[in-house]
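Visitor: The structure's right below; bear with me while I get my questions together.
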Amino acid sequence: TKCYKTGDRIISEACPPGQDLCYMKTWCDVFCGTRGRVIELGCTATCPTVKPHEQITCCSTDNCDPHHKMLQ
């Protein structure tokens, strides 16, 4: 599987063996009112457990985890 990953820049990379899901996790930090939600993209073996105030989406096809604002 290939997933978009966040870091210094957003890139699409092949996932490590055993990590066959892509995920997008969003949450608010102190700048949420001016910058919007923090977005984290990457690969995972299982969909992460949602914590309070987080939103997580998982999917299993190549590059299925983009956020609409990142593709503009």
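Quick reminder: no glycine exception, Cβ is built from N, Cα and C everywhere.
So Swiss-Prot lists these for the protein:
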DISULFID  Cys3-Cys22  disulfide bond
DISULFID  Cys15-Cys43  disulfide bond
DISULFID  Cys28-Cys32  disulfide bond
DISULFID  Cys47-Cys58  disulfide bond
DISULFID  Cys59-Cys64  disulfide bond
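Walk me through where these features lie, including what they touch and how far apart they are.
Guide: All protein chains considered, the CB of Cys3 (disulfide bond) has 27 other CB atoms within 10 Å.
The 10 Å shell around the Cβ of Cys43 (disulfide bond) contains 20 further Cβ atoms across the protein chains shown.
Long-range Cβ neighbours of Cys28 (disulfide bond) (same chain, at least 6 residues apart, Cβ-Cβ under 8 Å): Arg37, Val38, His53.
Taking the Cβ of Cys47 (disulfide bond) as reference, residues of its chain lying under 8 Å away and at least six apart in sequence are, in sequence order, Leu21, Tyr23, Ile56, Cys58.
In the three-state DSSP reading, Cys59 (disulfide bond) counts as strand.
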Visitor: Check the Cα distances from Cys64 (disulfide bond) to each of the disulfide-bonded residues Cys15, Cys22, Cys43 and keep only the ones within 10 Å.
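Guide: Near Cys64 (disulfide bond), where near means Cα within 10 Å, the disulfide-bonded residues are Cys22.
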Visitor: Just counting, how many other CB atoms are there within 10 A of the CB of Cys58 (disulfide bond)?
Guide: 15
Visitor: Whole-number Å only: compute the distance from the Cα of Cys15 (disulfide bond) to the Cα of Cys3 (disulfide bond).
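Guide: Here the two Cα atoms lie 7 Å apart.
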